[in-house]
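S.K.: This is the feature table in TrEMBL:
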TRANSMEM  28-50  transmembrane segment
DOMAIN    91-280  domain 'ABC transmembrane type-1'
TRANSMEM  95-118  transmembrane segment
TRANSMEM  130-153  transmembrane segment
TRANSMEM  159-180  transmembrane segment
TRANSMEM  201-221  transmembrane segment
TRANSMEM  262-285  transmembrane segment
Amino acid sequence: MAQTQSQQAAVLQGQKTRQRSGRRVKGLWLYVLAVPLLVVMAFPYLFLILQSFASWDQVNRTFLPTSFTLRSYQWIFNGGGYLAQPWLQALLNSILVTAVDSISMVALGAIVGYALSVMEFRGKKLINNFILFQMFYPGIILLVPTFLIIRYSGFYNTYWAMIIPKMMSLWAVFMYTGFFRSVSPEVIEAARLDGASELQIVFRIMMPMARSITTIIFLFVSMERWTDLMWDLIVVKDASRQTLNVLLSTMFGPYGTYQGPLYAAGVILTLPVLLLFIAFSRNFVKGVQLVLR
């Protein structure tokens, strides 16, 4: 009897050992695949940073410069020696426009997503189909009509010209609609019985439950708005209202293209987005895991 038990224990121990070995092999293969992929993805950013600090005689001539300088950044912040650049004002304009539009896209996306996922009304299916169609519709086609609306509405060359057309994100609506449909109807009914309004349900119950999804939406819409150039370049001509993207674009072209400052401008525009991702990285990972389930 004792011999049989010892044999069974040995078999179980062997199975556990093989399972641990299998997990180690899988983990090793994961690292083997992930590390090269990480290197490939990080290479453009590393190249961007190195070239932005490289001496101008070494820019685009070698991957690892041997001489480094801050000249490219000095050129940027001095306006290239040609323009008196309102840097602080442009930075504040970019932060203002990005913050207002990002918060609006999240809030309006949650409200519309809640209505499409929970409430019943006539034309709901048509609106859902329209949103799906509009998500794949080339936005450049609507550029001229939207510009004409802004111009004839009296918003041209104002902050509102940059903010209003970007306040709604159909992608945010789509994401929230899918998440809110997974919420138990009993939770919503209980909130209604307690006297909560529909807006209170959205912002006090549904939004806290969708924190991870909200983080993903906020990061992506913020990144999209922060890097938007074409629209801001078209609707605003006053230098005091220009965003950082527009300001940088005015420094290249009329006076030639300087490769070093061009890389430095890329680093400057990438840094705020990188800081946002670092600040919300934990919720971002949770949101990605939730979406992939």
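Each Cβ is built from the backbone N, Cα and C atoms, and glycine gets one as well.
Show me how these features fit into the structure around them.
M.R.: For the transmembrane segment (95-118), same-chain residues at least 6 beyond its ends with a Cβ under 8 Å from one of its own Cβ atoms are 124, 127-128, 131, 159, 162-163, 166-169, 172-181, 183, 185, 188, 198-199, 201-203, 206-207, 210, 214, 217-218, 221-222, 225-226, 232, 243.
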S.K.: Name the range, of those listed as 130-153, 159-180, 201-221, 262-285, that has the largest tally of Cβ pairs under 8 Å with the transmembrane segment (28-50).
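M.R.: Maximum Cβ contact count belongs to 262-285.
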